[in-house]
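Working notes for the structure below.
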Amino acid sequence: MTSWTTASTSRRSFLKISVTAGGALLLGGGLSACGGGDGEAESDSGAKIGASLDEIASLAKQEGHVQLIAYPETWANYKGHFKEFTAKYGVKIEVANPDGSSAQELQAVKTLKGQKTQPDVLDIGYSFTKPAIQGGLLEKYKPSNFDTVPDALKDPEGWWVGAYYGVLTIGVNPKAVDNIPQTFADLLKPEYKGKVMMPGDPRQGASSNATVVAAALSRGGGPGNIGAGIDYFAELKKSGNLVTATSVASALTTGEAAIAFDWNYNFVGIAGELAKSKVKLEQVVPSDGVFGVYYAQPLTVASPQPNAGRLWIDWLTSDEGSEQYALGGAVPARIAEVKDKLSKEALDTLPDPAVLEKVVFPTIEQGEADAKLLVEQWGPKVLNQ
Amino acid sequence: MSGAGVAQRLRRLPLSWVGAVPYLAVVGLFLVLPVAVNIWSSFHANGELSVQNLIDATKGQYRNAFLETIYLSAITAVLGGILGMVVAWALAGRVAGPRMFKTLANAFTTVSSQAGGVPLAFAFVATLGAEGLITKLIFDVTGFQLTDHFRLATFWGLVLVYLYFQVPLMAILMVPAFQGLRVEWQEAALALGATRWHFLRQIAIPIMSPAVVGSLLLLFANSFAAYATAYALAGSSVNLVAIQIGFFLSGNVLFDESFAAALVTWMMVVICVCLGLRALLLRRATRWLR
């Protein structure tokens, strides 16, 4: 999710490709043989799968643990999820490479397929669901609350569900500005010179990517039509308001920037770190660009703990899982249905319900088109103008 | 070649092969196999055999990235090369000075030539970044805001940081060459009536040039493939090929191994061209030896 890569990772990636080149061929045949669907009693690996949630839970307990990848504890309150899940079901959580990126997650499934350390469940950016399905890396599973997950946040056939989403938000250090900006248009004003940062590059980071789409919304564009957002950032860069920085927390505490774009729940995640530097952030959802993006939590193909993996997805989409997400500021997919069941603390951490009603989600095709245009235009129009 | 020589060589062959097995295994696994898989992958697009990715990788942003990377590598190789030669000349004993100083300089050169990655980037941010020690000191003393004129997250910022390891690397590579240049040769040349210029032109440069050419190429390759330092320092604000590859292999937005492989293939082509050039130059430079 957050991505931090070094030369050694990229070198390792070449090896992974080499090791898995053969595996990919084997898989293509395997997939067509086993259809997914409801109530299947066997996983793609032939392991026994519980017919009901209770049966899945008891088989999961025998399996002992669920293997996850790229689930940071500070992200969307996963720390709380881990604790409550283990307390309820007696199934331990193992997380590999917690700060890995979505691309690394797919690489890991390819590389580790068939081994004990293969991750059971992923947490990938929505644009990675298509390559994951095409690469034969996933197995269908519809958790018990599948029907009440909004259509925009699930694959109709059950290849994946998106259990939570984030709303693109502007975090402001109120001490460092005279007026709190409310819109994308505000941020172009001269008073914000050298104060606005976007974490990383929109060709690499999901939240910076969403920032450009949200900016496009403010100018009549939107998902699938990101061009206006690229033009907006070209202007923001030209005005001298945009500064280069990679870490939101460090930029806001050192004073490198006073205003940052990110998911609302990431601002919740860094609140403690900011408090140490006496920065109390104010969060504003720009009223001219209300945009949300979800992460998908698919089951991997023939996963080593098939019941524990299914149980984890059930948990994430359950009422209790929704509460844990909300406590971390991540909006649970079933918010419309569970909002009366959430604690007051959880509700207070989420964005305003009126804002949530306006959130626009991208489709996968729109995401692809936007990424393509960004790759073509971001360099020449914004970076090297 | 005598018959006895051939016989001896044949007898030695099996044993020397055994000795080479670990080396060949490592090269096969970690060089030949990845290169082969990468090339294979780069000739695919959307899972089908195609040269489309290789063609696209030479267009627009990517062409620009290759030019910028080559430009950055060439500049840091040449600047690092010149400065490194001066350091090597000093270290090789041509300049009088306290021994202690020379030992220290030697030790520092060895360590800093291997500096790199995130720690190096952080060191520069802490000294010359927007909130850096030196930046603040200059501002407090003179009121001059350095970051208005010079930023690390730019092309020339990267040049400066790369020089931190390029200069000492050149120095380390060139010290033996300088030491090989005997004082007696200069004395002999001068005694025979050569000027200093004659000595330099007809003796020193021909002897040193293979080492210089080889070292410059190494410096070029060193910064051509550098990734972590540039990424930590400039993110994507400098358009480098290695960073573009990172977008496709380890990002949260794009995922296209074959396209990344196509970019890597072109990087390998650039390095191969350099190696070819080096072989040509070396042949010319060592002509006097034959």
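Quick reminder: no glycine exception, Cβ is built from N, Cα and C everywhere.
Listed features, source TrEMBL:
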TRANSMEM  B:20-40  transmembrane segment
DOMAIN    B:66-281  domain 'ABC transmembrane type-1'
TRANSMEM  B:69-91  transmembrane segment
TRANSMEM  B:111-134  transmembrane segment
TRANSMEM  B:155-179  transmembrane segment
TRANSMEM  B:199-221  transmembrane segment
TRANSMEM  B:228-247  transmembrane segment
TRANSMEM  B:259-281  transmembrane segment
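The stretch from B:20-40, B:111-134, B:155-179 that makes the most Cβ contacts under 8 Å with the transmembrane segment (B:69-91) is B:155-179. Taking every recorded stretch in B:20-40, B:111-134, B:259-281 and counting its Cβ pairs under 8 Å to the transmembrane segment (B:155-179), the highest total belongs to B:111-134. Against the transmembrane segment (B:228-247), the recorded stretches B:20-40, B:111-134, B:199-221, B:259-281 differ in Cβ pairs under 8 Å, and the greatest number is found for B:111-134. Of the candidate ranges B:111-134, B:199-221, B:259-281, B:259-281 contributes the most Cβ pairs within a distance under 8 Å of the transmembrane segment (B:20-40). Outside the transmembrane segment (B:111-134) by six or more residues, the chain places 146-147, 150-152, 160-161, 164-165, 168-169, 171-172, 226, 228-229, 232-233 with a CB less than 8 A from a CB of the stretch.
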